[in-house]
């Protein structure tokens, strides 16, 4: 442990096993808050590696009581956060579009850390439970093609670091690992990163964690989602191959909008935006979701191209299928609360 800490301070990279050892001590409460803060800041100053991100992700997954291998291919779509854009909950809304298009989605998310409203905040406002059991998650995936896994609920170990993350108020290695720690085995994934320098690192980490196919994207204007503002950079991960690409909204029939057209607000405001999108109301919000869901459908192999993915996403919304997935999740949540 001391050797690994010394390496971090000296700005030397850790192996997967070394980083796992460090954070096993952190999660066992053998490290003070000030020491943990120093570790996180030192890692950030050094620059986190794919091996370190993958190793920490594995530690968190190994401690989760929600580890699940579903009988069908599963995907997740999630951004790292940290872009300070105050955009609405794009990936949360897109998740229902994916499910409506026939993709099984284990949506992993949290409350707000460095943004105004997190996925858990907006879903809770809509009436979705944040405390499903492992068996209930499996049932929802089976019957409704989408389940929500609240990070603080499915990862008890994160409670040990929550206060420090909140106090620091800056993106740390935990922002990178958030999308990678889903306790449900994922076959494919769509990940947004706020930092273009992190594209390769996060893509490699996803590869190390066994994703068969993934897209890691950095949006125009610094979004951790695909943006309608201009050209977006992404990496396609497919087995042992990493391929750098770009995508512009006009290439898939979507108009250009500045990022300030997709500003969000508090949980109530974002819930209303989400509902307006799933009801198909024309706006920059809708087109942003079509863009991101389209890319995710391509990542999942449900669509042969991003253009086809956008059209499939549009059909998911216009048919009412996407909205029905949300309504089913709310209904299931009510039944669960009545039993309790």
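One is the number of the first residue shown, and numbering goes on along the chain from there.
Placed from the backbone N, Cα and C atoms, the Cβ positions cover glycine too.
Copied over from Swiss-Prot:
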| type | residues | note |
| --- | --- | --- |
| BINDING | 79, 82-83, 87, 89-92, 107-115, 119 | 5-phospho-alpha-D-ribose 1-diphosphate binding site |
| BINDING | 79, 110 | anthranilate 1 binding site |
| BINDING | 91, 225 | Mg(2+) 1 binding site |
| BINDING | 165 | anthranilate 2 binding site |
| BINDING | 224, 225 | Mg(2+) 2 binding site |
(request) Measure from the Cβ of residue 110 (anthranilate 1 binding site) and count the other Cβ atoms within 10 Å, all protein chains considered. (result) 22
(message) Rounded to a whole angstrom, what is the C-alpha distance between residue 87 (5-phospho-alpha-D-ribose 1-diphosphate binding site) and residue 225 (Mg(2+) 1 binding site)?
(response) 10
(message) Of the binding-site residues 79, 91, 111, 224, 225, which one has its Cα closest to the Cα of the residue listed as 'anthranilate 2 binding site'?
(response) 111
(message) Using a 10 Å cut-off on Cβ-Cβ distances across all protein chains shown, tell me which of the binding-site residues (108, 111, 165) has the largest neighbour count.
(response) 108
(request) Name, in the order they occur in the sequence, the residues of the same chain whose CB lies under 8 A from the CB of residue 79 (5-phospho-alpha-D-ribose 1-diphosphate binding site) and which sit 6 or more residues away. (result) 90, 91, 179, 191, 192, 193, 194, 224, 225
(message) Let's check the environment of residue 87 (5-phospho-alpha-D-ribose 1-diphosphate binding site): how many other CB atoms sit within 10 Å of its CB?
(response) 27
